[in-house]
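Down below is the structure, laid out as structure tokens.
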Amino acid sequence: MPAPAPTSATGPLTARGPARVVVLISGTGTLLQALLDAAADPGYGARVVAVGSDRPGVAGLDRADAAGVPTFVHPLGPGSDRAAWDAGLRDRVAVHRPDLVVSAGFMKLVGPAFLEAFGGRTINTHPALLPAFPGMHGPRDALAHGVKVAGATVFLVDAGVDTGVILDQAAVRVEDDDTVASLHERIKVAERDLLVTTTHRLATRSWQVVDRKVRWDP
């Protein structure tokens, strides 16, 4: 069970203009594209300043290139030193001076060095209503369990697996004829919308965490 989060509070991510966001990806970049599209609105409050991937040649990097956003690749090879990789990722991200780091389909866990630098301002999405069904197969596990409502979660990344403080959630009704694929597709739509909304709120509003509960100021 995750440890209680300490009471903390923060204002908007920056007072000097749009929040600087670094997005970490591993694949097609559909979550990234949702953020890029939202950030095209000058009133959104955030802009993507860099995109990093642990895998070369993925479609998400092409999306970033098409938007004129700098990219980098930081792979973790077989037998690589995980701590060194984590410190290297921290350094690659830090170059871009982010106010917020978004793990958007990034298939690697970050470690202590990264969290020391960016803890409390790194967020992730998950295709289930946490704390139910954490891990790699949220929609499959939800469907197998027979739930009537599934959904998506955006949370602050911590040292656990899908254990961080929940920022927001969106519910998706499970239909009687759903397959894992059909349910996951509807969850992905909700997940993209939720990420866009939550990033905007983090960039433009004050909020606080009290006993793992996030309270957004008006």
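Any Cβ shown, glycine's included, is placed from N, Cα and C.
Remember, TrEMBL labels are computer predictions, not curated facts.
Remember, it's a predicted structure, so these values are computed and weren't measured experimentally.
When TrEMBL records Met107, Lys108, Leu109, Val110, Asn124 as binding (6R)-10-formyltetrahydrofolate, the matching candidate from Arg63, Arg82, Arg140 it lists for that site is Arg82. Mean model confidence of the domain 'Formyl transferase N-terminal' (20-198) amounts to 98 (pLDDT, 0 to 100 scale). Between the candidate binding-site residues, Met107, Val110, the densest Cβ environment within 10 Å is the one around Val110. Listed in sequence order, Leu76, Gly111 are the same-chain residues six or more apart from Arg82 ((6R)-10-formyltetrahydrofolate binding site) with CB atoms under 8 A from its CB. Here the recorded positions are Lys108, His126, and the one with the most other Cβ atoms within 10 Å of its Cβ is His126. Sequence-distant contacts of Asn124 ((6R)-10-formyltetrahydrofolate binding site), defined as residues of its own chain at least six apart whose C-beta falls under 8 angstroms from its C-beta, comprise Val102, Ser103, Phe106, Val154, Phe155, Val157, Asp162, Gly164.
For the recorded positions given as Leu109, Asp162, the lowest number of other CB atoms within 10 Å of the residue's CB is seen at Leu109.
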